[in-house]
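S.K.: Per TrEMBL, the features are:
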BINDING   B:L9, B:G10, B:L11, B:G12, B:T13, B:V14, B:G15, B:G16  NADP(+) binding site
BINDING   B:K107  NADPH binding site
BINDING   B:E192  L-homoserine binding site
ACT_SITE  B:K207  active site, proton donor
DOMAIN    B:357-437  domain 'ACT'
Protein chains: 2
Amino acid sequence: MKEVRLGLLGLGTVGGGTVNILQTTQTEIQRRLGGKVSVKVEQIAVRDLNRARPVDTTGIDLTTDPLAVVNNPNVDIVVELMGGTTLAKTCLEQAIQNKKHIVTANKALIAEHGNELFKTAEAQGVMIAYESAVAGGIPIIKALREGLAANQIEWLAGIINGTGNYILTEMKKPGADFSQVLKKAQELGYAEADPTFDVEGIDAAHKLTIMASIAFGIELQFDKVYTEGISKVTGDDIQFAQKLGYQIKHLGIAARADNGFSLRVHPTLVKDSVLIANVNGVMNAVMVAGNHVGQTLYYGPGAGAGPTASAVVADIIDVIRALRQPQEDRVPGLGFALDQLTSAPVVAIDDIKSAYYLRFYAKDHAGVLAKVSSIMAQSQISIELLHQEPCADNEDDATIVMITNKVQESTINQAISALESMEEIDGDIMRIRVAGFK
Amino acid sequence: MKEVRLGLLGLGTVGGGTVNILQTTQTEIQRRLGGKVSVKVEQIAVRDLNRARPVDTTGIDLTTDPLAVVNNPNVDIVVELMGGTTLAKTCLEQAIQNKKHIVTANKALIAEHGNELFKTAEAQGVMIAYESAVAGGIPIIKALREGLAANQIEWLAGIINGTGNYILTEMKKPGADFSQVLKKAQELGYAEADPTFDVEGIDAAHKLTIMASIAFGIELQFDKVYTEGISKVTGDDIQFAQKLGYQIKHLGIAARADNGFSLRVHPTLVKDSVLIANVNGVMNAVMVAGNHVGQTLYYGPGAGAGPTASAVVADIIDVIRALRQPQEDRVPGLGFALDQLTSAPVVAIDDIKSAYYLRFYAKDHAGVLAKVSSIMAQSQISIELLHQEPCADNEDDATIVMITNKVQESTINQAISALESMEEIDGDIMRIRVAGFK
């Protein structure tokens, strides 16, 4: 029986989950591998040798030096679960130089430095597997790279940050507002003390970058992703959207555009009848549309020890199966052969086309709606849905909510400027994009 | 550049779709394969050489003899899209003897004869790929065999017949009844002239058999699947279920049970808040629960030329990638190594435990409900939800709807017999199982 030896970098939540699966589900994994391979955790790099462990580490060599793991001649596969883009990058570069295969959950590292890492890995003949980097336990990387390989992918749209989806779900409750719900999320451990990374869409942008690359066969382009957070969405917006038959979701969207690709993360109105509108709480889901398959959706828990480690161990099994496969026959790291990646441009957010939800407060005077309509008409924007009601806290004002037809973003922005200069309109206009899919 | 030569059996809807993808999406597929392999359709077995074709067959050898294809020395992979379990079986057995790899969309053949086919294929060193046999374009076989390979699968539940789901969705409309909606489905081409196969759950049982095998590592046991159709579900049942917060779905369910496994297809009440309750029309979806990942769901079109061919071509790409892989390293056909399959028993339907929805008509007399409650109490069944309303067409009668706690099927059947013997109860009692998952 062949032995495959793992070196782990990190023994936190996901590292502990990974060791736990390897220990408790060994029989089931052996039944799949046909008893021909045994998987051994050889060494683990930890922060502090004296800390209490969530798992039994008897017989495993613990070290505080991650470079010792990547340089260990007895390690075949390096499993990187430490996070960050500096030391982790150094370690993986060194591991690749040492011709060790990589399994990593590090979305930031892949999104920001993947282009170089995959090139070096190809030159060294090793694999980098990263299923756990996107949407936790959902095997979305495998679906995009293999399951839908017969398709030209047209677009994908995902709820790929559980914190944000939890907050938007809780905000459906009457009277709930963002800061109050965020506080609750922090108390429950769903949100960090500094929630920027999740709430402003940076984490989602990392995942979107990776999915876009393998969906379209383009380079990883994290710096080109347009990112807009959910902190300005109000409870009122969520209620109004529901009245119009929509839910507000924080989506990462990658789509083919007229002259390239559109990559963006922003709050989005999605029709109730679309399945992803019904994905609530901390759960993740990704819709993928292919030219032959049509629309598909993949749903599951996007974070946590068990789900993330489930993807890590699936990657370990995949890597083991491919060890003796000729390199050119393996599924390429980014789904497409590296020399086949295109560098089609990512279009500026001003150039995308979308329908828009607008919400603003206006004096409840005769003629105001006529003036608003006239400004929209001047920009060739048509109003598809309109809802007006008195403001709850100011009887002289009305809340006006509308959904427009599909127009260019620069056009709606001009119209918004014109509306905001109307003296009858109080404060800023809230603008949220409306999903084009049904 | 290496050439891989395909021999197709069948050029109907799925066969035409497969050739169409290979012709129109060649560039994208080549980008994935790195330009190192070309895929050629060498020969196709058709029913009638003179029939008009949905695709251009210039340069492809057409024959009416499927055995000519499986015996053709210039064919590397046989793609079986003819259906049926007699001639198709003979052809695949011969192809395997000739050491040709198999891609098939034939769920009946795999479910009923897969055990022998996979054994022979292993002995001959060839692969049998069948992603398209279950849930059309959804890569659920890949998710179960590879994406969730780190898990012990606890249960799965799927809407795996689009015809049935279309009918149940249409029956939500007030006044709609089964036979009327079935007629509409037939007119739209969603249902066959003889709808038995879809409506009575036989098609779903084939797919469930396959998913259960690769989820649990058990032999294919189609003859053990309990199957109950949707033809007795009334529009009233659907309306009552909705009033209680449920949707009725025709689910295929495979679950671990006390002393084995439970494999069954039947109408099922599913809570509105569960994502699969929101899957409507002809779409398919499969929920899978793993011990580490928790609940995941896979959704997409379950039939049609494009979606099914998308899965066929993904299989072709997978087989091509694995051609030079050592056989023992390949993903086993049934997910687990053949010598690791267990033959744990499938439990009888009488022995499963479930919550139940009961609906019946009773005389609107004092004391009837007390009598009903007393019968339920005698069987140790508790009533979790109860709804009573006057019958629309008979003011002396009341409709009584209830949902029970989880009890053994034999227990509820005894209670139903006792209820049906009450003189105040008119006609049969409708009994529908209620899903245990949330």
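Each residue, glycine too, has its Cβ placed from N, Cα and C.
Describe the structural surroundings of these features, if you would.
M.R.: Annotation note: B:T13 (NADP(+) binding site) sits in a helical segment as assigned by DSSP. The Cβ of B:T13 (NADP(+) binding site) lies under 8 Å from the Cβ of B:G304, B:A305, B:T308, each of these being in the same chain and 6 or more residues away along the sequence.
For B:K107 (NADPH binding site), the same-chain residues 6+ apart in sequence whose C-beta sits under 8 angstroms from its C-beta are B:Y130, B:A133, B:V134, B:D203, B:H206, B:K207, B:I210.
B:E192 (L-homoserine binding site) falls within neither a helix nor a strand when secondary structure is assigned with DSSP, and so counts as coil. Spatially close to B:E192 (L-homoserine binding site) yet at least six residues away along the chain are B:Q186, B:D198, judged by Cβ distances under 8 angstroms.
DSSP assigns B:K207 (active site, proton donor) to a helix.
DSSP assignment over the domain 'ACT' (B:357-437) gives 23 helix, 35 strand, 23 coil.
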S.K.: Are there any residues at least 6 positions away along the chain from B:G16 (NADP(+) binding site) with a Cβ closer than 8 Å to its Cβ? List them or say none.
M.R.: B:R53, B:P54, B:V55, B:A305
S.K.: Would you mind giving the whole-number mean pLDDT across the domain 'ACT' (B:357-437)?
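M.R.: Here the predicted model's pLDDT, averaged over the domain 'ACT' (B:357-437), is 94.
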S.K.: Other than B:L9, B:G10, B:L11, B:G12, B:T13, B:V14, B:G15, B:G16, which residues of the same chain sit close to NADP(+)? List them in sequence order, counting a residue when its Cβ is within 8 Å of the Cβ centroid of the site.
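M.R.: Other same-chain residues near the NADP(+) site: B:L8, B:G17, B:T18, B:L81, B:M82.
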S.K.: Among the binding-site residues B:G10, B:G12, B:G15, whose Cβ has the fewest other Cβ atoms within 10 Å?
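M.R.: Selected from the binding-site residues B:G10, B:G12, B:G15 on minimum Cβ neighbours within 10 Å: B:G12.
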S.K.: Is it possible to get the count of other C-beta atoms within 10 angstroms of the C-beta of B:L11 (NADP(+) binding site)?
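M.R.: Cβ-Cβ neighbours of B:L11 (NADP(+) binding site) within 10 Å number 26.
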S.K.: Take the Cβ of B:V14 (NADP(+) binding site) and count every other Cβ within 10 Å, whichever protein chain it belongs to.
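M.R.: Around B:V14 (NADP(+) binding site), other Cβ atoms within 10 Å: 26.
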